[in-house]
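According to TrEMBL, the features are:
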- 1-24: region 'Disordered' (REGION)
- 15-24: compositional bias 'Basic residues' (COMPBIAS)
- 33-56: transmembrane segment (TRANSMEM)
- 96-318: domain 'ABC transmembrane type-1' (DOMAIN)
- 100-122: transmembrane segment (TRANSMEM)
- 134-154: transmembrane segment (TRANSMEM)
- 185-207: transmembrane segment (TRANSMEM)
- 228-250: transmembrane segment (TRANSMEM)
- 299-319: transmembrane segment (TRANSMEM)
Amino acid sequence: MATAVAPAGDTLGGARRRPATGRRRRRPSRTRWWVVLLFLSPFVVGLSVFVLYPVAATLYYSLTNFQAGSYRPVRFVGLNNYRTLFTRSDDFWLSVRNTLWMVVVMVPLRTVWAMLTAWVITRVKRGRNVYRTLYFLPSMVPVVAGALSFIVLLNPVGPLNRLLGLFGVDGPGWFSDPAWSKPSLVLMALWVSGNTMVIFSAAMLDVPRELYEAADLDGAGTFRKFRSITLPAISPVIYFSLLTGLIYTFQYFTEAFVVSGSSNVESSSNQLLGYPANSLLFYSTELYRQGFSYFKTGYASAMAWLLFLAIFAVTVVFIRASRRFVHYAGGGR
(Lines of atoms letter the chains of each structure in order from A and count residues from 1; the text may use other names and numbers.)
(Lines give C-alpha, C1' and ligand atoms only; values in the text may rest on other atoms or scores of the structure.)
Protein backbone atom coordinates (compact mmCIF):
# COMPACT_ATOMS: atom_id res chain seq x y z
CA MET A 1 0.00 0.00 0.00
CA ALA A 2 1.47 3.31 -1.13
CA THR A 3 2.03 5.91 1.52
CA ALA A 4 1.93 9.62 0.70
CA VAL A 5 5.08 11.37 1.70
CA ALA A 6 4.91 15.06 2.50
CA PRO A 7 7.30 17.32 0.65
CA ALA A 8 10.48 18.13 2.46
CA GLY A 9 9.53 21.76 2.97
CA ASP A 10 6.09 21.02 4.48
CA THR A 11 5.12 20.43 8.07
CA LEU A 12 2.20 18.48 9.48
CA GLY A 13 0.15 21.66 9.75
CA GLY A 14 0.62 22.50 6.14
CA ALA A 15 2.93 25.44 6.87
CA ARG A 16 6.13 25.65 4.95
CA ARG A 17 9.23 25.29 7.04
CA ARG A 18 11.86 28.00 6.60
CA PRO A 19 15.09 26.59 5.24
CA ALA A 20 17.93 26.61 7.69
CA THR A 21 20.47 29.28 6.86
CA GLY A 22 22.97 28.40 9.51
CA ARG A 23 22.72 31.91 11.02
CA ARG A 24 20.64 33.11 13.90
CA ARG A 25 19.23 36.57 14.20
CA ARG A 26 21.30 38.68 16.45
CA ARG A 27 19.59 41.04 18.77
CA PRO A 28 20.93 44.58 18.79
CA SER A 29 23.80 44.66 21.17
CA ARG A 30 23.46 46.96 24.11
CA THR A 31 26.96 48.18 23.53
CA ARG A 32 25.82 49.62 20.22
CA TRP A 33 23.29 51.82 22.00
CA TRP A 34 25.97 53.00 24.36
CA VAL A 35 28.14 53.92 21.40
CA VAL A 36 25.28 55.90 19.85
CA LEU A 37 24.61 57.71 23.12
CA LEU A 38 28.31 58.39 23.51
CA PHE A 39 28.50 60.12 20.14
CA LEU A 40 25.26 62.04 20.76
CA SER A 41 26.23 63.19 24.23
CA PRO A 42 28.29 66.26 23.15
CA PHE A 43 25.35 67.57 21.12
CA VAL A 44 22.81 66.79 23.84
CA VAL A 45 24.95 68.38 26.55
CA GLY A 46 25.65 71.44 24.41
CA LEU A 47 21.99 71.83 23.49
CA SER A 48 20.91 71.50 27.11
CA VAL A 49 23.53 73.83 28.58
CA PHE A 50 23.67 76.52 25.92
CA VAL A 51 20.09 76.50 24.54
CA LEU A 52 17.45 74.77 26.65
CA TYR A 53 18.65 75.96 30.05
CA PRO A 54 19.13 79.63 28.98
CA VAL A 55 15.68 79.66 27.37
CA ALA A 56 14.02 78.24 30.48
CA ALA A 57 16.04 80.54 32.76
CA THR A 58 15.13 83.60 30.71
CA LEU A 59 11.45 82.73 30.90
CA TYR A 60 11.72 82.33 34.67
CA TYR A 61 13.70 85.56 35.12
CA SER A 62 11.13 87.50 33.09
CA LEU A 63 8.60 86.72 35.83
CA THR A 64 10.88 87.90 38.66
CA ASN A 65 12.60 91.09 39.84
CA PHE A 66 16.03 89.53 39.42
CA GLN A 67 18.95 91.96 39.00
CA ALA A 68 22.41 90.64 38.24
CA GLY A 69 24.97 91.63 40.85
CA SER A 70 22.35 92.63 43.39
CA TYR A 71 22.05 91.12 46.85
CA ARG A 72 18.32 91.69 46.86
CA PRO A 73 16.40 88.40 47.09
CA VAL A 74 14.74 87.27 43.89
CA ARG A 75 10.99 87.71 44.13
CA PHE A 76 8.28 86.43 41.79
CA VAL A 77 6.42 89.40 40.26
CA GLY A 78 4.32 87.66 37.60
CA LEU A 79 3.68 89.79 34.52
CA ASN A 80 4.81 93.02 36.15
CA ASN A 81 7.88 93.34 33.89
CA TYR A 82 5.70 93.00 30.79
CA ARG A 83 3.23 95.53 32.18
CA THR A 84 6.04 97.99 32.82
CA LEU A 85 7.26 97.63 29.24
CA PHE A 86 3.92 98.64 27.77
CA THR A 87 2.89 101.33 30.24
CA ARG A 88 5.94 102.99 31.81
CA SER A 89 8.83 102.77 29.37
CA ASP A 90 9.19 105.51 26.77
CA ASP A 91 12.53 104.14 25.58
CA PHE A 92 10.87 100.80 24.89
CA TRP A 93 8.37 102.33 22.46
CA LEU A 94 11.08 104.49 20.89
CA SER A 95 13.18 101.39 20.25
CA VAL A 96 10.15 99.66 18.73
CA ARG A 97 9.54 102.58 16.36
CA ASN A 98 13.18 102.72 15.30
CA THR A 99 13.26 98.97 14.69
CA LEU A 100 10.05 99.03 12.65
CA TRP A 101 11.50 101.89 10.58
CA MET A 102 14.47 99.71 9.71
CA VAL A 103 12.22 96.74 8.93
CA VAL A 104 9.95 98.74 6.62
CA VAL A 105 12.73 100.64 4.84
CA MET A 106 15.88 98.52 4.89
CA VAL A 107 14.48 95.04 4.20
CA PRO A 108 12.57 95.84 0.96
CA LEU A 109 15.21 98.30 -0.25
CA ARG A 110 18.06 95.84 0.24
CA THR A 111 16.11 93.07 -1.50
CA VAL A 112 15.22 95.27 -4.48
CA TRP A 113 18.76 96.63 -4.71
CA ALA A 114 20.32 93.15 -4.69
CA MET A 115 17.78 91.89 -7.23
CA LEU A 116 18.33 94.77 -9.67
CA THR A 117 22.10 94.53 -9.30
CA ALA A 118 21.96 90.80 -10.04
CA TRP A 119 19.74 91.47 -13.07
CA VAL A 120 22.22 94.01 -14.46
CA ILE A 121 25.22 91.74 -13.87
CA THR A 122 23.55 88.72 -15.49
CA ARG A 123 22.98 90.78 -18.66
CA VAL A 124 26.69 91.55 -18.94
CA LYS A 125 28.38 89.29 -21.48
CA ARG A 126 32.03 89.98 -20.72
CA GLY A 127 33.51 90.20 -17.26
CA ARG A 128 30.37 88.99 -15.50
CA ASN A 129 32.30 86.96 -12.94
CA VAL A 130 34.66 89.87 -12.27
CA TYR A 131 31.81 92.30 -11.53
CA ARG A 132 30.04 89.73 -9.40
CA THR A 133 33.20 89.08 -7.39
CA LEU A 134 33.91 92.79 -6.86
CA TYR A 135 30.37 93.38 -5.65
CA PHE A 136 30.50 90.35 -3.36
CA LEU A 137 33.81 91.25 -1.66
CA PRO A 138 32.37 93.81 0.83
CA SER A 139 30.06 91.15 2.28
CA MET A 140 33.17 89.23 3.37
CA VAL A 141 34.36 92.13 5.54
CA PRO A 142 33.62 91.55 9.26
CA VAL A 143 30.66 93.56 10.51
CA VAL A 144 32.67 95.59 13.02
CA ALA A 145 35.38 96.42 10.48
CA GLY A 146 32.76 97.47 7.94
CA ALA A 147 30.99 99.68 10.47
CA LEU A 148 34.25 101.38 11.46
CA SER A 149 35.05 101.96 7.78
CA PHE A 150 31.72 103.68 7.26
CA ILE A 151 32.27 105.83 10.35
CA VAL A 152 35.42 107.17 8.68
CA LEU A 153 33.80 107.45 5.25
CA LEU A 154 30.66 109.24 6.51
CA ASN A 155 32.41 111.50 8.98
CA PRO A 156 31.18 115.13 8.70
CA VAL A 157 34.69 116.06 7.50
CA GLY A 158 35.31 112.69 5.88
CA PRO A 159 36.02 111.70 2.28
CA LEU A 160 32.40 111.61 1.09
CA ASN A 161 31.51 115.09 2.34
CA ARG A 162 34.75 116.44 0.89
CA LEU A 163 33.81 114.93 -2.46
CA LEU A 164 30.35 116.50 -2.24
CA GLY A 165 31.95 119.81 -1.36
CA LEU A 166 33.81 119.81 -4.68
CA PHE A 167 30.42 120.03 -6.38
CA GLY A 168 29.14 122.72 -4.06
CA VAL A 169 27.00 120.33 -1.99
CA ASP A 170 26.99 120.72 1.78
CA GLY A 171 27.11 117.13 3.03
CA PRO A 172 24.94 116.05 5.96
CA GLY A 173 26.18 114.97 9.37
CA TRP A 174 25.40 111.32 8.59
CA PHE A 175 25.85 109.34 11.82
CA SER A 176 25.99 112.49 13.97
CA ASP A 177 22.66 113.80 12.62
CA PRO A 178 19.45 112.17 13.97
CA ALA A 179 17.74 112.69 10.62
CA TRP A 180 20.50 110.90 8.69
CA SER A 181 21.70 108.26 11.15
CA LYS A 182 19.27 105.51 10.13
CA PRO A 183 19.59 106.21 6.36
CA SER A 184 23.36 105.92 6.85
CA LEU A 185 22.87 102.42 8.27
CA VAL A 186 20.72 101.58 5.24
CA LEU A 187 23.57 102.66 2.95
CA MET A 188 25.87 100.36 4.89
CA ALA A 189 23.40 97.48 4.45
CA LEU A 190 23.29 98.06 0.68
CA TRP A 191 27.09 98.01 0.56
CA VAL A 192 27.23 94.51 2.07
CA SER A 193 24.35 93.01 0.07
CA GLY A 194 26.68 90.98 -2.14
CA ASN A 195 25.65 87.61 -0.72
CA THR A 196 22.01 88.32 -1.54
CA MET A 197 23.01 89.48 -5.01
CA VAL A 198 24.83 86.20 -5.68
CA ILE A 199 21.73 84.20 -4.73
CA PHE A 200 19.56 86.31 -7.04
CA SER A 201 22.11 86.00 -9.82
CA ALA A 202 22.13 82.20 -9.56
CA ALA A 203 18.32 82.12 -9.62
CA MET A 204 18.15 84.34 -12.71
CA LEU A 205 20.71 82.27 -14.59
CA ASP A 206 18.64 79.18 -13.78
CA VAL A 207 15.56 80.49 -15.63
CA PRO A 208 15.10 78.48 -18.87
CA ARG A 209 16.29 80.45 -21.91
CA GLU A 210 13.39 79.04 -23.93
CA LEU A 211 10.97 81.26 -22.04
CA TYR A 212 12.82 84.41 -23.05
CA GLU A 213 13.13 83.21 -26.65
CA ALA A 214 9.39 82.59 -26.82
CA ALA A 215 8.77 86.05 -25.35
CA ASP A 216 11.04 87.59 -27.99
CA LEU A 217 8.98 85.92 -30.72
CA ASP A 218 5.86 87.45 -29.19
CA GLY A 219 7.45 90.90 -29.23
CA ALA A 220 7.81 91.29 -25.45
CA GLY A 221 10.13 94.04 -24.27
CA THR A 222 12.76 93.93 -21.55
CA PHE A 223 10.45 95.18 -18.81
CA ARG A 224 7.66 92.80 -19.82
CA LYS A 225 10.02 89.81 -19.77
CA PHE A 226 11.34 90.81 -16.37
CA ARG A 227 7.85 91.20 -14.93
CA SER A 228 6.23 88.14 -16.52
CA ILE A 229 9.12 85.65 -16.59
CA THR A 230 11.96 86.64 -14.28
CA LEU A 231 9.97 87.78 -11.24
CA PRO A 232 7.74 84.66 -11.00
CA ALA A 233 10.76 82.40 -11.57
CA ILE A 234 12.82 83.98 -8.78
CA SER A 235 9.89 84.50 -6.37
CA PRO A 236 11.22 81.78 -3.98
CA VAL A 237 14.48 83.72 -3.69
CA ILE A 238 12.59 86.98 -3.10
CA TYR A 239 10.62 85.24 -0.37
CA PHE A 240 13.80 83.86 1.20
CA SER A 241 15.52 87.24 1.11
CA LEU A 242 12.57 89.06 2.67
CA LEU A 243 12.04 86.47 5.41
CA THR A 244 15.67 86.28 6.48
CA GLY A 245 15.89 90.07 6.26
CA LEU A 246 12.90 90.45 8.57
CA ILE A 247 14.34 88.08 11.16
CA TYR A 248 17.75 89.76 11.00
CA THR A 249 16.45 93.34 11.18
CA PHE A 250 14.20 92.67 14.16
CA GLN A 251 17.42 91.73 15.99
CA TYR A 252 19.50 94.57 14.51
CA PHE A 253 22.31 95.29 16.94
CA THR A 254 25.99 95.12 15.97
CA GLU A 255 26.18 97.98 13.46
CA ALA A 256 24.16 100.33 15.67
CA PHE A 257 26.22 99.39 18.72
CA VAL A 258 29.53 100.07 16.97
CA VAL A 259 28.36 103.32 15.37
CA SER A 260 26.86 104.69 18.59
CA GLY A 261 29.91 103.81 20.66
CA SER A 262 32.44 105.18 18.18
CA SER A 263 30.54 108.36 17.32
CA ASN A 264 29.94 109.48 20.90
CA VAL A 265 33.18 108.86 22.75
CA GLU A 266 32.50 111.56 25.35
CA SER A 267 29.38 109.90 26.76
CA SER A 268 29.21 107.19 29.36
CA SER A 269 28.50 103.62 28.37
CA ASN A 270 24.88 103.95 29.50
CA GLN A 271 24.23 107.01 27.32
CA LEU A 272 26.07 106.21 24.12
CA LEU A 273 23.66 103.49 22.95
CA GLY A 274 21.24 105.14 20.55
CA TYR A 275 23.38 108.19 19.79
CA PRO A 276 22.54 110.66 18.36
CA ALA A 277 19.39 111.62 20.28
CA ASN A 278 18.33 107.96 20.58
CA SER A 279 17.82 107.80 16.81
CA LEU A 280 19.82 104.54 16.75
CA LEU A 281 18.18 103.05 19.83
CA PHE A 282 16.85 99.79 18.42
CA TYR A 283 15.06 97.03 20.28
CA SER A 284 18.16 94.87 20.71
CA THR A 285 20.32 97.79 21.85
CA GLU A 286 17.69 98.78 24.43
CA LEU A 287 17.56 95.14 25.58
CA TYR A 288 21.35 95.14 25.91
CA ARG A 289 21.33 98.41 27.84
CA GLN A 290 18.70 97.22 30.31
CA GLY A 291 20.38 93.85 30.83
CA PHE A 292 24.09 94.69 30.79
CA SER A 293 24.28 98.40 31.68
CA TYR A 294 21.47 98.69 34.23
CA PHE A 295 21.60 94.97 35.17
CA LYS A 296 17.80 94.65 35.10
CA THR A 297 17.93 90.99 34.18
CA GLY A 298 14.24 90.26 34.73
CA TYR A 299 13.18 93.30 32.71
CA ALA A 300 15.58 92.46 29.87
CA SER A 301 14.39 88.84 29.87
CA ALA A 302 10.82 90.05 29.37
CA MET A 303 12.01 92.13 26.41
CA ALA A 304 13.77 89.08 24.96
CA TRP A 305 10.63 86.97 25.14
CA LEU A 306 8.53 89.71 23.56
CA LEU A 307 11.05 89.89 20.72
CA PHE A 308 10.88 86.12 20.23
CA LEU A 309 7.07 86.16 20.13
CA ALA A 310 7.03 89.08 17.70
CA ILE A 311 9.47 87.39 15.31
CA PHE A 312 7.57 84.10 15.55
CA ALA A 313 4.22 85.77 14.80
CA VAL A 314 5.57 87.78 11.87
CA THR A 315 7.28 84.69 10.45
CA VAL A 316 4.09 82.61 10.61
CA VAL A 317 2.05 85.36 8.93
CA PHE A 318 4.70 85.84 6.26
CA ILE A 319 4.92 82.12 5.51
CA ARG A 320 1.16 81.87 5.08
CA ALA A 321 1.00 84.99 2.94
CA SER A 322 3.80 83.69 0.71
CA ARG A 323 1.48 81.06 -0.75
CA ARG A 324 -0.10 83.80 -2.85
CA PHE A 325 3.01 85.17 -4.53
CA VAL A 326 5.67 82.44 -4.42
CA HIS A 327 5.77 80.22 -7.53
CA TYR A 328 7.87 77.07 -7.58
CA ALA A 329 9.27 75.25 -10.61
CA GLY A 330 6.81 72.37 -10.26
CA GLY A 331 3.85 74.72 -10.45
CA GLY A 332 3.07 74.61 -6.73
CA ARG A 333 2.84 77.42 -4.24
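Including glycine, each Cβ sits where the backbone N, Cα and C put it.
Here the transmembrane segment (228-250) does not lie next to the transmembrane segment (134-154) in space: the count of CB pairs under 8 Å, restricted to residues six or more apart, is fewer than 3. Among the recorded stretches 33-56, 134-154, 185-207, the one sharing the largest number of Cβ pairs closer than 8 Å with the transmembrane segment (100-122) is 185-207.
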